[in-house]
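Some notes on the structure that comes next.
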Amino acid sequence: MAYEIVWELGFSHCAATGAALLLLIENALITQSRLMLLESVLIFFNLLAVLSYLKFCNSQKHRPFSPRWWFWLVLTGVACSCAVGIKYVGVFTYLLVLGVAAVHAWHVIGDQTLSNVRVLCHLLARAAALVVLPVLVYLLFFYIHLLLLCRSGPHDQIMSSAFQASLEGGLARVTQGQPLEVAFGSQVTLKNVFGQPVPCWLHSHQSTYPMIYENGRGSSHQQQVTCYPFKDVNNWWIVKDPGRHQLVVNNPPRPVRHGDVVQLVHGMTTRLLNTHDVAAPLSPHAQEVSCYIDYNISMPPQNLWRLDIVNRESDTDVWKTILSEVRFVHVNTSAILKLSGVPLPDWGFRQLEVVGEKLFRGYHESTVWNVEEHRYGRSQEQKERELELHSPTQVDIGRNLSFMARFSELQWRMLTVRSDDSEHKYSSTPLDWVMLDTNIAYWLHPRTSAQIHLLGNVVIWASASLATLVYALLFIWYLLRRRRRVCDLPEDRWLRWVLAGALCAGGWAVNYLPFFLMEKTLFLYHYLPALTFQILLLPVVLEHISDHLCRSQLQRSLFTALVVAWFTSACHVSNMLRPLTYGDRSLSPSELKALRWKDSWDILIRKY
């Protein structure tokens, strides 16, 4: 595909062959593909999208709307969709292709040789193949995905309760057959919708807040309320009617509706959820949340909460298990029950802090909760109630989300969930990638020193970066001279030069620069898609220098000799790094040290 792309751009077979050979001897691309990692498949579809679009453009010049024309146009859209489906960063190449296609469409609109109907057909064809079709193909991927992968798995907890309940096994075994409507006297577990830094449930236990914190601030010394990231009997709460003493569900049940005032009684300790004008342990701008203990001092209970159903359709909506997303607004202070997400010290068992956010404005998932497990309370006595809380819920039929609801949630989780914020020993920054000042150890033999490292060919990496810089300088120079009506290149060669830069230099930029804005752990392999586009640009720049900047035959001969020497050095470095690319032989410590790219570069300079 590298060969075909350079050839379709209008450059020589020699330049196209050079691009193909450079990709073949690049050690980082070899290592990544041999270990079957996603970047290789991503690069494949990135190149396929660019190649298909170039073939479509060339078909446009000769036979528009022919079967060949349609084939390459449709394949461009499918390849873009596959690139995004492999990794979200594939969207950068998709946007690049869309940008180039938009410029070409603009020229089609200005083509006076085409009728209005013909122009409209061109635009509709491009919109259907490059926008509508990729969206449909992407949806199809996940429709098949969710159809086949319908069982619960080990990482279900990062998804919402509704999503988990739609899967076979796991949470569905617990939640299926639960009462749908939450009533006064219901026993519930409340999961925070935000789920950051980890999914957790509203929790309390016998321990109290320390009287004096480490910074000298005092507390209410009430019973702790936290958010606990594991299923536990202390996660159960009873929804109580403030006007009645009973903790059981009436017959018939009296459902809780939006706007109702409730009390939340902790199932195991029978203390009521409370907040007051005392600063939270680790978030002093917010109120402490506790379960009230009567110390017979001047701190009366404030345990009334107004239910706010966030995703309701009307003001008379009933609070529903799993489906309803609710907020608890404190009646006395208007504070909202919120997960701050800060881990408490050892006295709080490293559980997550829950606060009353009084100054909160707007919607945020950290203030939203949903009922995950639910049963109708039948036992009035404390001991019987504790036994009831320990017993499993009944099992009946399941509750399923629509495909679009599951699809949307899955996309959002993939975009936002971070598995680990800790720094990795092989992590790097985008600036490290350009000069290859980092690597990744992929494999080490358990008995010998044979090993595989993701390590690139420094000659190719440095030359590709230099070619990108040279292209940018030449492009600016030509552009300024054209502004002065000095055309160094004929119009067809100028357009070819611009298109090569848009796809190759642009492909490097869109696949590299966005990583400077990403707040995630980055590795060297993230640079490989951008590097591939840089390598495509390298023979293009070399051929341009040979054909247009070398004035005499002697200059061309000298330049050709330099290119041959450079390519020989790239092959030599690739061969030197072979033991770390293939891991096929044991290496001594001195040999390993010699294979570091800086040392290899010194050896290369001394040798040549």
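Yeah, the Cβs are placed from backbone N, Cα and C, and that goes for glycine too.
Straight from TrEMBL, the features:
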type: TRANSMEM; residues: 5-25; note: transmembrane segment
type: TRANSMEM; residues: 37-57; note: transmembrane segment
type: TRANSMEM; residues: 69-86; note: transmembrane segment
type: TRANSMEM; residues: 92-111; note: transmembrane segment
type: TRANSMEM; residues: 123-148; note: transmembrane segment
type: DOMAIN; residues: 179-242; note: domain 'MIR'
type: DOMAIN; residues: 253-310; note: domain 'MIR'
type: DOMAIN; residues: 314-374; note: domain 'MIR'
type: TRANSMEM; residues: 458-480; note: transmembrane segment
type: TRANSMEM; residues: 494-517; note: transmembrane segment
type: TRANSMEM; residues: 523-545; note: transmembrane segment
type: TRANSMEM; residues: 557-577; note: transmembrane segment
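Here the transmembrane segment (37-57) touches the transmembrane segment (523-545). Their Cβ atoms form 3 or more pairs under 8 Å, with each pair 6 or more residues apart. If you average pLDDT over the domain 'MIR' (179-242) in this model, you get 91.
Within the chain carrying the transmembrane segment (458-480), a Cβ under 8 angstroms from the stretch's Cβ atoms is held by residues 22, 25-26, 434-436, 488-489, 494, 497-498, 501, 504-505, 508, 531, 534-535, 537-538, 540-542, 544-545, 566, 569-570, 573, 597, 600-601, 604, all 6 or more beyond its ends. Comparing 92-111, 494-517, 523-545 for CB pairs under 8 angstroms to the transmembrane segment (69-86), the maximum falls on 92-111. Within its own chain, the transmembrane segment (494-517) has Cβ neighbours under 8 Å at 5, 9-11, 46, 50, 54, 89, 92-93, 95-96, 99-100, 430, 433, 468, 471-472, 475, 478, 482, 487, 526-527, 529-534, 536-537, 540, 544, counting only residues six or more beyond its boundaries.
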